[in-house]
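Taken from TrEMBL as is:
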DOMAIN    35-71  domain 'DUF4116'
DOMAIN    82-127  domain 'DUF4116'
Amino acid sequence: MMKGDKAVVLESVKQSQNSLCYASQDLLCDNQFLLEIVKSGCNLVLDYVPEEISNDKEFILQAIKLNSLSIVSSKHVHIVSDKEFMLEAVMNNGYALNYASDEVKQDPEIVMEALKCNGFVLKYSDELYQSRMHHCYHDAYLGMTMSLR
């Protein structure tokens, strides 16, 4: 049947993410296939897989490395409130910080990693601004120099 055909299901999910619900149980339990789905940009993977996979730390970390925004944008509480998952996510794409739980958004290590990745933080302090200039613009300073103030 087509529900068990990896190529057909992958192409279908690329067209409409919700079509993942029609995949066979065998495919929904196949970690390698699911990682291909994540790589394609589907942010609904964790909504359709068995609980043992959606709670599998190793699988989630692999998925985050492939496409962090697809995983964290699903807003599963056990992911967006987990420091290890979110640290990996912001190292992959700083914008992932936007999806973190309120507590994780306040973690200085995670905020700094998001900034180092692509300059994204939710709120800039003077220190974060200087760090952004250092990591993203090779110590360039936009504005007046300190000696001219």
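The chain as shown is numbered from 1 upward.
A Cβ is built for glycine as well, from the same backbone N, Cα and C atoms used for every other residue.
All annotation found in TrEMBL is predicted automatically rather than curated by experts.
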With helix taken as DSSP H, G or I, strand as E or B and everything else coil, how many residues of the domain 'DUF4116' (35-71) land in each class? 28 helix, 0 strand, 9 coil
Counted with DSSP (H/G/I as helix, E/B as strand, rest coil), the domain 'DUF4116' (82-127) has 33 helix, 0 strand, 13 coil
